[in-house]
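Novice: I'd like to ask some things about the structure below.
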Amino acid sequence: MSCSAGDPNFCPECGNVLPLPGISNTVQCPRCTFSIPVTDFSGLEVCSAVVFNPEQRSLVALKGDDGSELKGPVIDRRCARCNKDGMIYHTRQMRSADEGQTVFFTCINCRYQEKEDS
């Protein structure tokens, strides 16, 4: 069974990312029993890129009618009220330390607020 045949960066059996070739003669998938000879990687070039979100879209400061200001990172979350993408979030530890934190979301369009307990 082959999940991702054709891309040498991924295991063709389980789809896991393969480690970079090292000093051994084979590359072993850390998830399953698949192994491939290092010679199959000769001549391949490894390229990577880092893409940053534009600064004006990744951090927003909104002024409210009452003069309050909301600051925070913007995420791709759809507002339940206006159905538009883009919400600011912040987190707080509302319960005891062994419980998850509470995440507060505010829509950047209509300022609707939601919370999510984790």
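Cβ coordinates are placed from backbone N, Cα and C, and glycine is handled just like the others.
On a predicted model such as this, the values are computed, not experimentally measured, just so you know.
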Novice: What range among 11-32, 77-98 does TrEMBL describe as zinc finger?
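Specialist: Result: 11-32 is the stretch TrEMBL calls zinc finger.
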Novice: Since the record lists C11, C29 as binding-site residues, which of them has the fewest other Cβ atoms within 10 Å of its Cβ?
Specialist: C29
Novice: Looking only at the zinc finger (11-32), what is the mean pLDDT?
Specialist: 86
Novice: Among the binding-site residues listed here (C79, C107, C110), which has the Cα closest to the Cα of C14 (Zn(2+) 1 binding site)?
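Specialist: Comparing Cα positions, the candidate nearest C14 (Zn(2+) 1 binding site) turns out to be C79.
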Novice: Taking the centroid of the Cβ atoms of C11, C14, C29, C32 (Zn(2+) 1 site), which other same-chain residues have Cβ within 8 Å of it?
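Specialist: For the Zn(2+) 1 site the neighbour list reads P12, E13, G15, N16, L18, P30, R31, T33, F34.
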Novice: Using a Cβ cut-off under 8 Å and a sequence separation of 6 or more, which residues in the same chain sit near C82 (Zn(2+) 2 binding site)?
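Specialist: When sequence neighbours closer than 6 are ignored, C82 (Zn(2+) 2 binding site) has C107, N109, C110, Y112 within Cβ distance under 8 Å.
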